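According to Swiss-Prot, the protein has these features:
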- 47: NADP(+) binding site (BINDING)
- 124, 125, 126, 287, 302, 303, 304, 305, 306, 328: FMN binding site (BINDING)
């Protein structure tokens, strides 16, 4: 089913943007894992609407409720149910759009598939659905951190045509979160914020690129052919709202190189299980399996589809109309998408870790 993700570390999200609540059921989490609930809440706060002048003005505290699966902060190995209640819904903002197919939204395709759709807030297509992913991903991050000291760092690399260059060796979470746009390059971040504000005042929006770095990745994650690690990462990240592109390692720029330039040569080592490579054009994955190097990815997000300008479209009768959106929306989704990217990467790695252990650790 389309609301379920993962094979062993398995999540099922539920809820709509303007419904009573949104949440997740996480199944397959190993027992006896100590969970810091404050860290889950912190990830939700990073995703929360209304956190700055360049995000949607919708006001939600996004307070986490854990209904099952933990005892005194320790996982039981049973399903972990988590939810966040919606408190600032305004479905009346969408009354005039009930039968309108908004440009580049899911209204038209949902109607074509189901013959019915949630009229307000985008329903399941809303980024509010990602609350469940972020909550479950925060647990996955703690599992990976506990076992391998794995660290997942995502940041805004580009907004519109304003790009940044970041020293990944000095990258920290505190640097990423040092400004409201979540770009660790302070000078570039200032320009990004200004660009978003300008477009916001014009009733317009913009997109950009989020980059993700994963450090201390255990080798051996992923499988050949259909369950390659990069394939599952691509699927996970492209399932996020507004995503339009994914690349790993050298990505599309690697097509400009020769094989002699692109190949990642292994370095001599006394421990064959701790191999290193001279370069990392592969982005930490070869043959669909992690090699222990950093995993490096980029994800492209389109401009927010809801804008304050008049646009021509059609209604459910196929008649052309002119519409102007109301409601509360982000002029740029990227600052709030950073924890979403972190979470989807964590969910994939946690699932592949358990799959690897199940297949390859039973016989010594």
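The backbone N, Cα and C atoms fix where each Cβ goes, glycine too.
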Across 47, 124, 302, listed as binding-site residues, the smallest other-CB tally within 10 A is for 302
Widest Cα pair spacing in Å over the listed FMN contacts 124, 125, 126, 287, 302, 303, 304, 305, 306, 328 is 44
Integer Å value for the Cα distance linking residue 302 (FMN binding site) with residue 47 (NADP(+) binding site) is 18
A correct count of other C-beta atoms within 10 Å of the C-beta of residue 126 (FMN binding site) gives 20
Students should find that the Cα atoms of residue 126 (FMN binding site) and the residue listed as 'NADP(+) binding site' sit apart, in Å rounded to an integer, by 13
One finds that other Cβ atoms within 10 Å of the Cβ of residue 304 (FMN binding site) number exactly 23
The rounded CA-CA distance in Å from the residue listed as 'NADP(+) binding site' to residue 304 (FMN binding site) is 16
Row residue 306 (FMN binding site), column other C-beta within 10 angstroms, all chains, value 21
By a three-class reduction of DSSP, residue 304 (FMN binding site) is assigned coil
